[in-house]
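Reading through the structure tokens given below for one structure.
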Amino acid sequence: MPDGEPRAPPAQGQGSTAPVSVLFVCLGNICRSTMSEGVFQSLTRPPHAQWHPLVRDSDSCGTGAYHVGDAPDSRTMQTLRKKGITSYTHAARKFKPVSDFASFDYILAMDDSNLSDLLELRAREVKRRGGEEQGVGRVMLFGEFGGKTRRGGRGEEVEDPYYGGKEGFEVAYAQAVRFSRAFLESLENGELS
């Protein structure tokens, strides 16, 4: 979606059928957010098929600019290919507050640190717009759709597998599948408002 392109308001509850756009966000945009985007695309846009009727598009990015222009981590791509997701491609990019808040209905953070950063940026964007929240993407923890809660009632975090072995990428993949399916179910049931 072009930067700053106007979009419809996010889908509201009560069975709304307005297609939404989803942005997955981690720190560097080469592991967790790309894994999540690859999984989400495999569920919402199978090869040679149209998008899920309730999903307009998806993308991923990072809160940091550490890997801008880089392909996803090789272990992310190995895990996706091993699971049959072979058409996913991406070049890392940094979150762009003005255009990303305008372009995406749901901005899903991978962990509490990403969530905190995004909520702060969202508050600044709303202030920049004179307090107007209409048309500013909703920021959530992706793990809120996991069915498990941590102390304090918060959803799961997707732990960063970057410094670990392949098993961390398998865990991130399993979480991405579970969270994506639950997000889509919530969308289909009109539970997101």
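A Cβ is built for glycine as well, from the same backbone N, Cα and C atoms used for every other residue.
Owing to the predicted nature of the structure, the values given are computational and were not obtained by experimental measurement.
Now, the feature entries from TrEMBL:
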type	residues	note
ACT_SITE	Cys26	active site, nucleophile
ACT_SITE	Arg32	active site
ACT_SITE	Asp160	active site, proton donor
DOMAIN	20-186	domain 'Phosphotyrosine protein phosphatase I'
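Regional average pLDDT for the domain 'Phosphotyrosine protein phosphatase I' (20-186) in the model is 96. Other Cβ atoms within 10 Å of the Cβ of Cys26 (active site, nucleophile) number 29 in total over all chains.
Secondary structure from DSSP puts the residue listed as 'active site' in a helix.
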